[in-house]
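According to Swiss-Prot, the protein has these features:
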type     : residues                       : note
SIGNAL   : 1-54                           : signal peptide
CARBOHYD : ASN4                           : N-linked glycosylation site
CARBOHYD : ASN17                          : N-linked glycosylation site
CARBOHYD : ASN184                         : N-linked glycosylation site
CARBOHYD : ASN287                         : N-linked glycosylation site
CARBOHYD : ASN301                         : N-linked glycosylation site
CARBOHYD : ASN350                         : N-linked glycosylation site
BINDING  : TRP478, ASP479, LYS676, GLN677 : substrate binding site
CARBOHYD : ASN591                         : N-linked glycosylation site
CARBOHYD : ASN601                         : N-linked glycosylation site
ACT_SITE : GLU607                         : active site, proton donor
CARBOHYD : ASN670                         : N-linked glycosylation site
CARBOHYD : ASN904                         : N-linked glycosylation site
CARBOHYD : ASN931                         : N-linked glycosylation site
CARBOHYD : ASN1037                        : N-linked glycosylation site
Amino acid sequence: MAANSSFFLADNCAPHNQSFIQFCIHAASKKKGRIALMCLANLFLLFSFHLLYARFCSGFPYVVPSTARSTNQIFHTNLEQLVNSPENKQIFSQLKFSDQAFYDPHDNVVGTTEFPVFNQYQRQPYVANGYIGSRIPNLGQGFTYDQLTNSSTANDDDLLNGWPLFNKRYSGAFVAGFYDLQKNTTGTNFAELLENGYESVIAAVPQWTALSLSVEILGKKYTLDPSLEHEAIGDITNYVQNMSLSDGIVTTQFTWLNTFDVKYEILAHRENINLGLVNMQVYNPGNESVQVIVSDVLDFNSSQRCQLNQISHDKNGIYVTFHPQGLSYIDGAIYSTLSANGQITREQTNETVFQNVELTIEPHSCVQVAKYVGIATTDLDPDSFKTADDVLKFARKVSQNKKHGDATQLVNSHRSAWSKIIQDAPLVTFPSDSLLNLGARASIFHLLANTRPNAEGVTGALGVSGLSSDSYGGMVFWDTDLWMLNGILPFAPDHIKSFINYRVHLHQQAIDNVPRGYQGAVYPWTSGRFGNCTGTGPCLDYEYHINMAVAMASWQLYISGAADDTFLESVAYPIINDAASFLAEYVVHYNDTLGKYTTKNLTDPDEFANHVDNGAYTNTGIVLVMRWAQIAGSILGKQVPKIYHDIETAMFLPTAENTQNITLEYSGMNSSVGIKQADVIMMTYPLENELIDQDQAYINMEFYSMKQVGYGPAMTFPIFSIVASNLAFTGCASQSYLHKAIQPFLRGPFAQFAEQNNDDYLTNGGTHPAFPFLTAHGGFLQAILQGLTGMRFDYTFENNKLQRLLKLDPIALPCLGEGVRFDSIKYDNHTLSMAINETHFTIKNKGKTTPNARNYVTILLAERNAMHGKYTINDEDEQSFPLFETSESFPDSISECNKAGFFNITEGAYGDVSISINDGDNTTSWQAKYNDTTGKVLVDLKSFRNISSGTFIWGDKPPKRVKVSKYSGSSFTAVTDFFAQVDFGNELFNEYKYANPEGKLHNQSDVFEEVYSGDVKISAPFDPEEYFQVWVPTRHNITEVAVNLQTRFLLIEVDEIHNTEAIDGDYGGAKLAEVVFY
C-alpha cells in the first residue's frame, strides 16, 4: 500500500474492519439482508487484507477510539510499536520536539502520535509544490497564530519570527514570488537606504486549507478550528499526524469528543501547481445518528501584507481576490469548490466568505467532504493574467475542472507526478545510521517540495524558509544560489534552473544598481520582487560575495552538463561577466605597497565582522569570478578585459604573521574573534582551495573550528564536514562534523531544520530562528554527497575547449558502518548511482537522460586515491575503486572513531555532540552544559576489552576532578539498558521508559564500580602570548590514567572547571577534546 493510504475505503467511505462487523450486525438487525450478506461474505477477505495492510505507518493507520476499543489492536499496536521501537527511538531521542515522533523508512513517512495542544512552528508540517504552500496546524487544516505553551519557561518571544519582520508566527499560506511593496521593515541592515527604495517581502495569501467541522453536544457547540481555545475545540484523542517524504501529503487523524473519528488529508498538487486539495472524512462509530456542519472558509484576515479586492461567492463556490500590499497591478485569486453529499449554503461578511453543508452521519457510517482550491497570481503568466478577473477566472477553472477527477483520482495523479521526480528507490540511504538516513531523505524532500522545474520570473524565487513561512521576509539571499542550489542540483537540475531564471529576471535591475560611472551588475543582499538596493538588501559596502554566488550558480549548472553553450551565451556569461566587471571596477583596488589587488569596506559571510578590508572568502571568490569570465569568454569567442587576468593572478589574501600561516578572515583580525558561521573554511569548499594550499587549508579548518560561536546557524558544520572529508589524514572528524551538522538542528516530528541549535531567543544569542531552514537542508545534502564522495563538477580547459569531468574523492567511513548509497545522481545528461561500503566506492552509469548525450561520462579520481586518474564509464557500466582511508590519530587506541561509542548522559553545550570526544581531532570537543553539576559520559567499547590506560585531552577548559568507573555486571548489554534502567541523578530514564516496561531503576553506585578518581592538574598553563596569536594550540592540558581492568562499559564523570572567569563569554562546564583508552 502507498504511504498515507486511508483507513477508509476510498470509493464509499466504508469503515475499518472492527466497526465493519458492527455495521453488518446493525444492517442485519434492520433486515437489510443483501447488505448484511455481502458484508459477511467479504468479512474474511477484508480482515485478511487489513492484516496485510497493517504494516505500521503504511500511510495513516486507523486508531481505534479509546471508548470503544476492540480486543483486536492491529493498527494501534503496530503504530505504538513503531514509535517505541529501538530503531525509531535511536533517531528521535536525539531530536527536540520528538517525544512521540516516528519515521517509517519503508514508506518514507514521518509523523507523531502526540497531540500538540498549543500550536508551535516546530511541530507543524506543511504542503508545497514549488508554487503554492501552506503550513498545517495541529488539527490538520485552518489558520492560527502560534500559541504560548504552559511551560514555566515560555515567554512571548517564543511567538515571534525573526529579522526583518519580527512578526508573530502563524500557519500561513504562500504563493511563489507574491512579494509586496512596503516603505520599510522592522529590522534593516542600513536604515539610511530606506530613502532610496522601498522593501519587498513575501505576502501571505488567505489560508486556503480551512475546512472546519462543528457539532452541538448537550447544548454546547464544538468546532475544529485551530485558532480557538481548547475548550471550544473539545477533546482530541488517538491523535496521529504525518507527512509523506515521498509525496508531501499531510494527513491528520484523531478521535474527536470521544464521538467521531476524523481524518484530514491535504496536498498541493505536484503537477497541477495551482490546485490544492483538502479531503475530510468523518466516521461515526456510535449507535445514533449525529448532525454536523462542515464549513469551507476563506478568511481575508488570515493573510498578511495583502490588500482585499473582492470576497464573494457564486452558484458553484466561494472566492477571494487580492493584491500584495502596495501593488494594485498584481492580482491574486483563490477559488474553492466544495464537494459534499448535501445542500450547500453560502454567505459572506466584509472579509470572510463561507460555504456550509449540514450532514447527518448515520451510525457506523462515514461522510466525505472534499475541497478543491484553485490558486493563481498575475506573476505566473503576466501576459495572460492582465486583470483580477483573468486571475479569478483561471483559479475558478482550476477548482472546478472535472478532468482532475474526484479526491481519490487527484491523490493518485499527485503521487504519480511525485514518483516521476524521486522515482522508486530512495535517492539516499545510510543503512547503518538512521538519523543521517532520515536527514538526507527529508532534505531532498523539503528542497523538492519548495521548488518546481523551470519556473519563470519572480515565481522562481525561493526564500530561506520556502513556501510555508515568512522567515527572513521570504526574501532571497545567497542561501538560494549557493546552499540550496548546490544541494539539489545533483538530484534535480531542472528545479534549480528556476533559481537562475529568477536572477535573470532581475538582472537588468542589478545593472541599474551599479553606481553611475561604473560598469557591470550588482545584486542586493536581499531580493524580493524588484531586486533594488534597500535597507535590508544593500548593494554596496556589504556582502559583495552575493554576486559570486549568483555567478557560481549559473557556472555550476553549465559545467554539470545540465546546460549547454546556448545557456552559457545567453544566461551564464552575461551574469558572470557583469559580476566580474563590477567587482573589477568598483570593489577591487590595486595596492602599490603590496603589489596586490585588495578590497575595502565589506562584510564576509561572518556577519559579526562588518566593514572590514580584504575578506578572505570574498577576495577568493573574486578570483574565481575573473577566471570563469575569461573561460566563458574564450569558449564564446568574446574579448574580455585584461584586468580580469591581472586580478586573478595577483589578489591579496591576509594571513597570520607566524609559522602556521593561518588565513585571516580579514585584514587585522585578532585571536579573540568569535565567528558567526562558516567563512574562511569555505575557501576549501566550495572555492576549492583557491589562493591556499592543502596545508594552509587544514590549519584553517583547525583554527576556525575552535572559533565558531556556540549559537551559529545550521549551515556551518556541513561545510566543516566537507572540508574534513577533503583534508583530514587522521581520525574521523568528517563524520563527527556530519553529526554536529544535523543532531542539534533537526527538529522532530517532521524532520525540518531550524536555523539555530537552540530555539530560545533569550539564550541563543538573540535570534528568532528561521523555520524551516532550507539553507541547512541544502548544506546537509552537500555534506553527504560532495563531502563523503568528494564529488565536484570539474573541467579541463585547453584550446578554448571545456572538457567536463566528474571529480571524485571517496573516503572510508568507519563510523557509518555499511556506508552510504546514492541513486539517480544527474550529471552530464546521465543518471549515476554511487555507493561507499566498508571497502570500496562503486559508481554506475545508468544511462542517458537525453537522446543526444554521449555514451559515457568521464570521472577523475583525486590524487590521494590509490587509483588516481581519469576513467571513462560507458552507459550501463559499473566500476569500483578503493577508498582513501585516514590513519589513526592515536595508534593502539581501543576507543578511537568506530572502535567505541561515547554517549553523553548529562546535557552538553548547545550544538555539541558526544562523537566529538573520540573522533581523533583535538580541535573538536564536547562540553558539559553546566559547571555546577557533574558531567557524565557513557563509553561503549563494543566488546569486553582489557584496558591498561587512558588519556584525557581537555582543551581550554579542564575540569577540577575526573572519575572513571566500570560496569562489571552482565545484565546490561546495550547503551539503552543503562539509559532506561539506571538513575544517573537526572531525568534521562524518563526519555527511555519504552525500554524499561517494568519501571525498575538502579542507582548509579549499584551499577558502576569506581576504578579511578583524581584531581586534574594543569599541564599546559595559560600563556597570554600564545593566546593573543592567531594560532592553533600545540600544547594541551592532558591527564594520563593508569588502570588494569576488563570491561565493555565505562562511565566518565567530570566536575567543575579551573577557570574563575569565563573565557570568550563561555560559562559552560568542562570540555573533553579527546578521550583515548588503550
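Note: Cβ is positioned from N, Cα and C throughout, glycine not excepted.
Looking at ASN184 (N-linked glycosylation site) and TRP478 (substrate binding site), their Cα atoms lie 21 Å from each other. Same-chain residues at least 6 positions away in sequence with a Cβ under 8 Å from that of ASP479 (substrate binding site) are, in sequence order, VAL464, MET715, LEU774, THR775, GLY778. Of all the glycosylation sites listed here (ASN184, ASN350), the one with the fewest other CB atoms within 10 A of its own CB is ASN350. On its own chain, ASN301 (N-linked glycosylation site) has GLU351, THR352 as residues at least 6 apart in sequence with a Cβ closer than 8 Å to its own Cβ. ASN601 (N-linked glycosylation site) sits 18 Å from ASN670 (N-linked glycosylation site), taking the CA atoms of both as reference points. Note: the substrate site is recorded as TRP478, ASP479, LYS676, GLN677; in the same chain, PHE477, TRP483, PRO605, GLU607, ALA678, PRO713, MET715, THR775 also have Cβ atoms within 8 Å of that site's Cβ centroid.
Cβ neighbour density within 10 Å is lowest for ASN670 among the glycosylation sites ASN601, ASN670.
Looking at the residues that bind substrate per the record, TRP478, ASP479, LYS676, GLN677, the two CA atoms farthest apart are separated by 16 Å. Around the Cβ of ASN1037 (N-linked glycosylation site), 23 further Cβ atoms fall within 10 Å across all displayed protein chains.
One residue stands out among the glycosylation sites ASN287, ASN904 for having the most other Cβ atoms within 10 Å of its Cβ: ASN904. Remark: ASN931 (N-linked glycosylation site) has GLU1056, ILE1057, TYR1067, GLY1068, GLY1069, ALA1070 as non-local neighbours, by Cβ distance under 8 Å and separation of at least 6 in sequence. When the Cα of ASN350 (N-linked glycosylation site) is compared against those of the recorded positions GLU607, GLN677, ASN904, ASN1037, the shortest separation belongs to GLU607.
According to its DSSP assignment, ASN591 (N-linked glycosylation site) is in a strand. Each of the recorded positions ASN591, GLN677 was assessed for Cβ neighbours inside 10 Å, and the highest tally belongs to GLN677. When other Cβ atoms within 10 Å of the Cβ of GLU607 (active site, proton donor) are tallied across all protein chains shown, the result is 16.
Cα-Cα distances to the residue listed as 'active site, proton donor' place none of the glycosylation sites ASN591, ASN670, ASN904 within 10 Å. Each residue contributes its Cα atom, and for ASN1037 (N-linked glycosylation site) and ASN904 (N-linked glycosylation site) those atoms are 21 Å apart.
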